[in-house]
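These come from TrEMBL:
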type     : residues                                                                    : note
ACT_SITE : ASP315                                                                      : active site, proton acceptor
BINDING  : LYS22, GLY96, ARG124, GLN172, ARG346, ARG388, LYS413                        : phosphoenolpyruvate binding site
BINDING  : LYS22, SER23, ARG27, SER170, SER171, GLN172, SER198, ASP315, ASN338, LYS342 : 3-phosphoshikimate binding site
DOMAIN   : 8-422                                                                       : domain 'Enolpyruvate transferase'
Amino acid sequence: METLKLKPLKAVKGEVTLPGSKSLSNRILLLAALAEGQTKVTNLLDSDDVRHMLNGLKALGVNYQLSDDRTVCVVDGLGGLFQVTEPLTLFLGNAGTAVRPLVAALCASQGEFTITGEPRMYERPIGDLIDSMRQLGAEVEYLQDDKMPPLKIHGRQLAGGQVSIKGNISSQYLTALLMVAPLLSGDLTINVIGELVSKPYIDITLDVMEKFGVQVKNNDYQSFEISGGQKYQSPAEAMVEGDASSASYFLAAAAIGGGPVRVHGIGKASVQGDVAFADVLVQMGAQVEFSDYWVEVTGSGTLTGIDVDLNHIPDAAMTIATAALFADGPTAIRNVYNWRVKETDRLAAMATELRKVGAIVDEGEDYIHITPPAEVQSAAIDTYDDHRMAMCFSLASFGAGEITINDPGCTSKTFPTYFEVLDSIRVDD
Ligand SMILES: O=C(O)C1=C[C@@H](OP(=O)(O)O)[C@@H](O)[C@H](O)C1
Ligand SMILES: C=C(OP(=O)(O)O)C(=O)O
C-alpha cells in the first residue's frame, strides 16, 4: 500500500482555485444527458465519481465530447429517458451521486439494467429509494443482500401519482426521485416521511432542475409536486461551481495555521450547503470574508471548541472533527448518524484515527465528542478507502507529531490532486 509522510504544516497562506463540485458535476451531467439540446458543461470535476457517471452515460448511449483535461464536456441530450435494447451492466464504483439518480432514471427507462459497484457500495443502503420506485410500479431485484446494490432493474414507463420517501438516511433518494419526476407520464406528488437529512443537497437538486427548465413546487420540504410529461431543456451552457466540501480543508487549514487563505469558485451566492462550513469556523473563532466568487479565512490564533449539529453539512463536518484537534477545549459534532453509511463507517473510523493521534473520543450512535490532546501524537492514519479521511487528517500535520497517510490515492474519489494543492499554500519558515 502506498503511504504519504506529510511534511509538518506550520502556516498556510495563499489562494486556491477549487475543482468543480462533485454534487453539481454529476447532477448537471445527468440532466444534460436527459435534456433536449446540447449542453456545454464547464469546470467539470475530473475524479472517480464523475468518471463513473460519464462511463455510465456513455454505456447508456449518450454522446459527449470531453476536453483533454476533462473539465469541459459537451453533451448531446437524448431529449428524454434512456432506451436500451440489449441488457446492460453499469459499474458505478462507490459514487452515491451516480448510483442513486441513475437507478431512479433507469426504473422509468426502456431496457434491462444491472447496477454494480465497489464492495462498499454493496453495504450502502438503497432500500428507501427502491421502495418508493416500487410504489410507482418499478420492477427492481436485489441481486445480493436485501436493500443494497447490486440491483437488476427492468425498466418501464412509470405513470406518476403519489409516492412517499424516507429522508432520514440519505437525501440522495429524494434527489433521485425529484430528477426523474418530470419525465414520468403523469404528475407526481412526493411526500417525505419523517426527518430529511442533508437538506441543503435538495436545494442543489432543485436549482439544477430549474436551470434545465423544470419547476418543482416545494411545500416546505415535506412534499414536492412536479408536473409529468415534461422534457428537460438544455441551458446551452452550465458552469459547475467549485466544490464547497473540498474547500473545507483549505479553510480549516487557514483557521488553524493563520492564513489568510482564499478559495475561488464558491461565494456568498453559492448553491452548495457546504459553504455554511465557513460559519462553523466563525463559531470556532476564525474570521471569514465572502465575495460572490471567493471565500477567505483568517485564523485568530486560537480555535474554540464547539458543540454543534452538523446534519446539514455531513461531508464538511469531518473537517471540523480534525480541526477540533487544535481547539482550546472539547468539540461535539451531533446528528451525523448517516456518517455510518458513507464511504466507510465514518463515526467509527474517525474515532479510531483521532485516538491514534492522542485525542480522547466518545463515539455515540449519531455523534462524536472530541477532547484534543495536549500535543498531537505521531501516527499512521488509516483512510478506509475514504477520500475525506485522507483529506481531513492532513490537518493533523499542524501538530507536533509526524503524520503518515495510508493510501493517499483514495482522494481520487473527489479530489485527485488534493495533496499537491495543499502544498501550494504551505508556508515553510
Ligand atoms: O446529493 C449529493 O450530492 C450528496 C448528498 C450527501 O449525501 P446524503 O444525502 O446521503 O447525506 C453527501 O454526503 C454526498 O457526498 C453528496
Ligand atoms: C458521502 C460522499 O459520497 P457519495 O456521493 O458517494 O455519497 C462523500 O463524498 O463524502
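In case you wondered, yes, glycine gets a Cβ from its N, Cα and C as well.
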Among ARG124, SER198, ASN338, ARG388, the binding-site residues whose C-beta sits under 6 Å from ligand 1: SER198, ASN338
Separation of alpha carbons, GLN172 (phosphoenolpyruvate binding site) and SER198 (3-phosphoshikimate binding site) (Å): 9
Stretch-averaged pLDDT - the domain 'Enolpyruvate transferase' (8-422): 98
For ASN338 (3-phosphoshikimate binding site), the one of LYS22, GLN172, LYS413 that lies nearest, given that the binding-site residues are compared by Cα: GLN172
Neighbourhood of ARG124 (phosphoenolpyruvate binding site), C-beta criterion under 8 angstroms, separation at least six: ASN94, GLY96, MET148, PRO149, VAL341, LYS342
Cβ under 6 Å from ligand 2: qualifying recorded positions of GLY96, ARG124, ASP315, ASN338, ARG388: GLY96, ASP315, ARG388
Neighbourhood of LYS413 (phosphoenolpyruvate binding site) by C-beta distance under 8 A, where only residues 6 or more apart in the same chain count: SER47, ASP48, ASP49, GLY93, ASN94, ALA95, GLU343, HIS387
